[in-house]
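As structure tokens, the structure follows; a few thoughts come after it.
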Amino acid sequence: AYGFFCSVRPSEPFLTRYLLGPHKNLSETQVFNEIYPVWTYSYLALLFPLFLATDYLRYKPVVLLQGLSLIITWFMLLYAQGLRAVQFLEFFYGMGTATDIAYYSYIYSVVDVNLYQKVTSYCRSATLVGYTVGSVSGQVLVSVAGWSLFSLNVISLTSISIAFGTAWFLPMPQKSLFFHHVLSQQLSWEMKVMDCKNGSVIQDHPNVQRAPGWEDETKVPLNGESHSAEKQSVQEQKVNIVKVLRDLWQDFLQCYTSQTLLCWSVWWALSTCGYFQVINYAQGLWEMVLPSHSTEIYNGAVEAASTLLGKLS
């Protein structure tokens with residue numbers, strides 16, 4: 001639901017026309033040379049710190065940050081005026097797109113490994129269906145119903161707000177890849193202990209036997225100091241940022257000594273950057289080929305077709 005509603009933005013295919021039109025009254029030079037690049041470099045600058053924050057905060061808070069960033073973006077798109085204000089909203093849009101990593105990685109923290117391929121297709125399809133619905137509805141509302149581009153932005157803001165509301169109901173993951181993996185092991189051991197107490201097969205893992213709750217209740221200190229000390233130790237390991245950065249560096253060295261993985265990563269980076277350049281300036285190219293102020297345009301139909309094909313794939 002979050003991925004779908006967050007992607008239903010019928011105004012997005014007509015963004016260039018909206019910025020060049022009477023609502024914002026910006027010039028082509030301002031839009032293409034001074035506004036759109038702000039998104040590109042904001043995305044680049046925010047990607048790595050948001051990657052660490054996503055893991056440290058366990059996904060859900062960053063998903064909420066994405067929804068909030070997009071709400072600010074579209075609210076400013078409706079009411080902000082002037083070059084500096086539109087550049088500022090592009091920064092928030094860069095934050096909104098950089099936090100995509102939280103949406104796409106969240107699901108892996110709450111499902112079993114054998115479901116990864118299935119949930120990947122679900123999450124990706126949800127966003128692509130959302131883009132398709134948004135693009136089709138935008139094109140129909142502009143070409144058939146004659147709605148203004150301002151109205152399309154209102155619909156986009158409403159849809160993003162619904163997505164932001166649904167994000168609050170996501171369960172909070174108990175583990176993440178780097179910062180909280182020690183805590184997740186502790187929780188899994190405690191869950192096994194609970195299973196044992198409920199009559200399931202007893203696990204003979206030594207860590208399980210040492211986990212809180214395994215001991216006979218008469219041997220557990222009444223003041224709980226032992227359990228508190230253990231929890232504090234887990235917390236200290238969890239927030240050891242230096243250790244996490246060291247692990248990241250070791251993973252980096254291990255990964256990129258593989259020639260196959262190195263080639264794949266370079267290919268992925270080039271294709272992703274190329275894709276961003278295309279979607280960032282495609283509307284500008286269409287504007288030069290067929291100016292929107294004098295011709296009926298079908299930006300929504302084109303983007304709907306591309307995302308629909310991606311969804312089917």
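Even glycines carry a Cβ here, placed using N, Cα and C.
The transmembrane segment annotation in TrEMBL falls on one of the ranges 92-116, 242-266, namely 92-116. A contact between the transmembrane segment (154-171) and the transmembrane segment (61-80) is present, since 3 or more of their C-beta pairs, 6 or more residues apart, lie under 8 Å.
Away from its own ends, the transmembrane segment (35-54) comes close to residues 19, 26, 62, 83, 86-87, 90-91, 93-95, 97-99, 101-102, 105, 176, 244, 276, 280-281, 284 of its chain (Cβ-Cβ under 8 Å, at least six residues beyond either end).
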